[in-house]
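Undergrad: Per Swiss-Prot, ATP binding site is recorded for Gly10, Ser11, Gly12, Lys13, Ser14, Thr15, Arg125, Val134, Tyr135, Gly197, and the stated evidence type is sequence analysis. Annotation source Swiss-Prot lists AMP binding site at Ser31, Arg36, Asp57, Leu58, Ile59, Gly83, Tyr84, Pro85, Arg86, Gln90, Arg158, Arg169, citing sequence analysis. Summarising the annotation, Swiss-Prot assigns Zn(2+) binding site to Cys128, Cys131, Cys148, Cys151 and lists sequence analysis as the type of evidence. Swiss-Prot lists 30-59 with the feature region 'NMP', giving sequence analysis as the kind of evidence. According to Swiss-Prot, the region 'LID' annotation covers 124-161, on the basis of sequence analysis.
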Amino acid sequence: MNILIFGPPGSGKSTHSRTIMEKYGLVYISSGDLIRREIERKSSLGREMEAYLSRGDLIPDTIVNTLIISKLRRQRENFILDGYPRTPEQVISLENYLFDHGIKLDLALEIFIDEDTSVERISGRRICPNCGAVYHVKYNPPKVPGICDVCGSELIQRADDREEVVRKRYRIYSKNMEPIIKFYRAKGIYVRVDGDGPISEVWKRIQPLLDYIHSREEKRKEHE
């Protein structure tokens, strides 16, 4: 089972991706994780990508395509791609790779939330720069405002979590996703799920769809 999962900032797609990975035994490939690892390495490429993100801009397609395709070459089947492709050029790169290697996508899933929900979820996030603990000023606040419960360090707001940056990211996402959604809808594999509400409620909307696809794939393998 090969899945693409999309969603605007704060949609919860990465959380659901990990649940899907664990439940269905898929390999999780996240464009965000690959980018963050490169930034943490403080390589010249990482610094270049960090500059784009701090402005709320998308990282150039050539960079993202290289990161993702390199990862896919090590995992031909049974994957979930989180946050990729997100531009028409990335779609072309991915589709060419899949065609060349005889790989079929089963689902392009979008978890949708509106712009104000995206801003509330993301701009309230606070990170501990020392131990990596994550908080939210509304949904998961620290015991002492601005201070990490775990190590006592002062919490920070990441540059790309600021409200003005989140709104810019949301609008870029919405604009770029229009042709991508149209493409995968035409292929008959696009499904949009309402991402509003608690994670557990959203999962109840997603799971029946994945169970159906998983069951279909298992039956297909039995008859091969």
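Yeah, the Cβs are placed from backbone N, Cα and C, and that goes for glycine too.
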Undergrad: If you compare CA-to-CA distances from Asp57 (AMP binding site) to each of the binding-site residues Gly10, Gly12, Ser14, Cys128, Tyr135, which comes out shortest?
TA: Gly10
Undergrad: Residues with Cβ closer than 8 Å to the Cβ of Arg86 (AMP binding site), same chain and 6+ apart in sequence?
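TA: Spatial neighbours, sequence-distant, of Arg86 (AMP binding site): Phe6, Ser31, Leu58, Tyr173, Asn176, Met177, Ile180.
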Undergrad: Check the binding-site residues Ser14, Ser31 for other C-beta atoms within 10 angstroms of each C-beta and report the one with the most.
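TA: Result for the most crowded candidate: Ser31.
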Undergrad: Compared by Cα position, which of the binding-site residues Ser14, Tyr135, Arg158 is the closest one to Cys151 (Zn(2+) binding site)?
TA: Tyr135
Undergrad: Nearest to Gly10 (ATP binding site) by Cα distance: which of the binding-site residues Ile59, Tyr84, Cys128, Cys131, Cys148 is it?
TA: Tyr84
Undergrad: Which one of these binding-site residues, Gly10, Gly12, has the sparsest Cβ neighbourhood, judged by other Cβ atoms within 10 angstroms?
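TA: Per-residue Cβ counts within 10 Å for the binding-site residues Gly10, Gly12 bottom out at Gly12.
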Undergrad: Which of the binding-site residues Ser14, Arg125, Cys128, Tyr135, Cys148 has its Cα closest in space to the Cα of Tyr84 (AMP binding site)?
TA: Ser14
Undergrad: Counting Cβ atoms within 10 Å across all protein chains shown, which of the binding-site residues Arg125, Arg158 comes out on top?
TA: Arg125
Undergrad: Sort Arg125 (ATP binding site) into helix, strand or coil using the DSSP assignment.
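TA: DSSP call for Arg125 (ATP binding site): strand.
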Undergrad: From the DSSP assignment alone, can you count helix, strand and coil residues within the region 'NMP' (30-59)?
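TA: Each residue of the region 'NMP' (30-59) counted once, the result is 21 helix, 1 strand, 8 coil.
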